[in-house]
Amino acid sequence: MARDIQLPCDGDGVCMRCKSNPPPEESLTCGTCVTPWHVSCLSSPPKTLASTLQWHCPDCSGEIDPLPVSGGATGFESAGSDLVAAIRAIEADESLSTEEKAKKRQRLLSGKGVEEDDEEEKRKKKGKGKNPNLDVLCALGDNLMCSFCMQLPERPVTKPCGHNACLKCFEKWMGQGKRTCGKCRSIIPEKMAKNPRINSSLVAAIRLAKVSKSAAASTSKVFHFISNQDRPDKAFTTERAKKTGKANAASGKIYVTIPPDHFGPIPAENDPVRNQGLLVGESWEDRLECRQWGAHFPHVAGIAGQSTYGAQSVALSGGYKDDEDHGEWFLYTGSGGRDLSGNKRTNKEQSFDQKFEKSNAALKLSCKLGYPVRVVRSHKEKRSAYAPEEGVRYDGVYRIEKCWRKVGVQGSFKVCRYLFVRCDNEPAPWTSDEHGDRPRPIPNIPELNMATDLFERKETPSWDFDEGEGCWKWMKPPPASKKSVNVLAPEERKNLKKAIKAAHSNTMRARLLKEFKCQICQQVLTLPVTTPCAHNFCKACLEAKFAGKTLVRERSTGGRTLRARKNVLNCPCCPTDISDFLQNPQVNREVAEVIEKLKNQEEDNAELEDEDEGEGSGTTPEEDDEQPKKRIKLDTDATVSATIR
């Protein structure tokens, strides 16, 4: 007589044959699959104690008889026959890999049928990517971890080897005197070790991924990082401007309905073109285009304000060596103190003391009354890790907490100093946080011990944090404007809205992919490399840019050979010398994997959308064939229209 079906114990230790929980002395564990079995329910239990040391269960030893017999336990004949038949069908399926067969066997033994398994797989495949808020953050988290704290990097810095780290972790590692990557031990250039730059592309991608998880994915936050080329109308489009350059050109139309002396953020009601206001993180090609959107009106001056009215905005552009930028707060140096007599347009040497007058007095008045001051950072500020890689970027509003005078770093002349602390409702562009600022303590400033003419605000600030509403707002009415307001014509406003709307991407993943673009070909990165100055390029584009250029140049004066000179190979986006990096540029594998995942998810979503349109359209097959042609024509018309504008 054939043996009955033998079954092991389940995950809770209960025998699947007799439904009892055997004690440890009556259980045996297989030496191969580590599965517990009830000795009393085995048809051939081990005969000696020594044989239990290397005992193999009937499944692993092949001794089990898969065919049940009549007269077995009630209900086990049909169950065993179906189970064995299903296992044999799985093993006979040549289309399945070994892993897929093992997975199906495991699901079958857990009580789920093959048909149920197949239906679940189909549901997963069909539902893949249908949720617009799919957790793309997992794609970033799996590949962009900080090499020190193993968390999603905060203010990420990308090293030449392609590994990422938090700015604080990187500075701490460099502060210990180490000049190698904490993950692969590659050498880090001295210039990067002293002045790391935040990778703004990764910051934008992490922020957008976090926004995609929340219910606010459809709010204006997703437009925080709109690059300049998406805007249809720019300044300097006249024929005269093209001939003589931007210096003699007009600054273009002002697209916001605010006066030049407007204080604080620019809300949506003052933005008739986009209806979203001036967003933190928006960038422009230069200061003149920054002026068009009201962030900072002066073309050259770093301070916008009036001595009897207050300061509205400042620009951080590396004009003074005394400036210190710490992101959420910075020390700003006032204007003046330099000789610009005659035909001098610029002079970097201090020749007399700065005083609290003119623009400096405007900043002091904003400090006294607690006015919010808009801040823009320029790529010309090379010493700050928080400066943008290119162009000019709006970083929100700050409040001046203190001002004083001290002797500048250049010599014996005094400069005016201001402590700016961020107080904006939107998160900063260099952080991946989803919320804005909260009141923070004033940082410790060592130079205050040697300061003179120190001024601190005593009265209640006009712009302060409302604990009840949980946001920054005007606690006192903002100062009334004394200048005229710019107004757009209705037709101009309508055309601008259409063009800007056509330029925006529709999906979250498309916007994420857009952040990972090559600075040379302006396409999504392929085999991405990140230079020490935090610029991203395709490896092929970067190598083609420097094709034919050698690292050293041989020199001679006819009959005499001189020592070879090193060629300086500047980054395509900045003056940084990357000749050492170009000797062996490493592909940033972490970014490459993220881009690949996002591309696959975008393709899956496109396929699913096409299937849904075909199933639910209710059209005939002939009409369905015409739909792609219509879509192609519409897309072509939209592209041509946007190009003409």
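Every residue gets a Cβ built from N, Cα and C, even glycine.
For reference, TrEMBL has these:
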{"type": "COMPBIAS", "residues": "603-626", "note": "compositional bias 'Acidic residues'"}
{"type": "COMPBIAS", "residues": "627-636", "note": "compositional bias 'Basic and acidic residues'"}
{"type": "DOMAIN", "residues": "12-63", "note": "domain 'PHD-type'"}
{"type": "DOMAIN", "residues": "146-185", "note": "domain 'RING-type'"}
{"type": "DOMAIN", "residues": "273-422", "note": "domain 'YDG'"}
{"type": "DOMAIN", "residues": "518-574", "note": "domain 'RING-type'"}
{"type": "REGION", "residues": "95-129", "note": "region 'Disordered'"}
{"type": "REGION", "residues": "598-645", "note": "region 'Disordered'"}
So, does the domain 'RING-type' (146-185) come close enough to the domain 'RING-type' (518-574) to give 3+ Cβ pairs below 8 Å, pairs being at least 6 apart in sequence? yes
Grab the same-chain neighbours of the domain 'RING-type' (146-185) for me: Cβ-Cβ under 8 Å, and only residues 6 or more beyond its ends, written as numbers and ranges. 137, 140, 192-194, 196-199, 202-203, 206, 327, 385, 430-432, 529-532, 534, 581, 586-591
Local confidence of the domain 'RING-type' (518-574) - pLDDT mean: 81
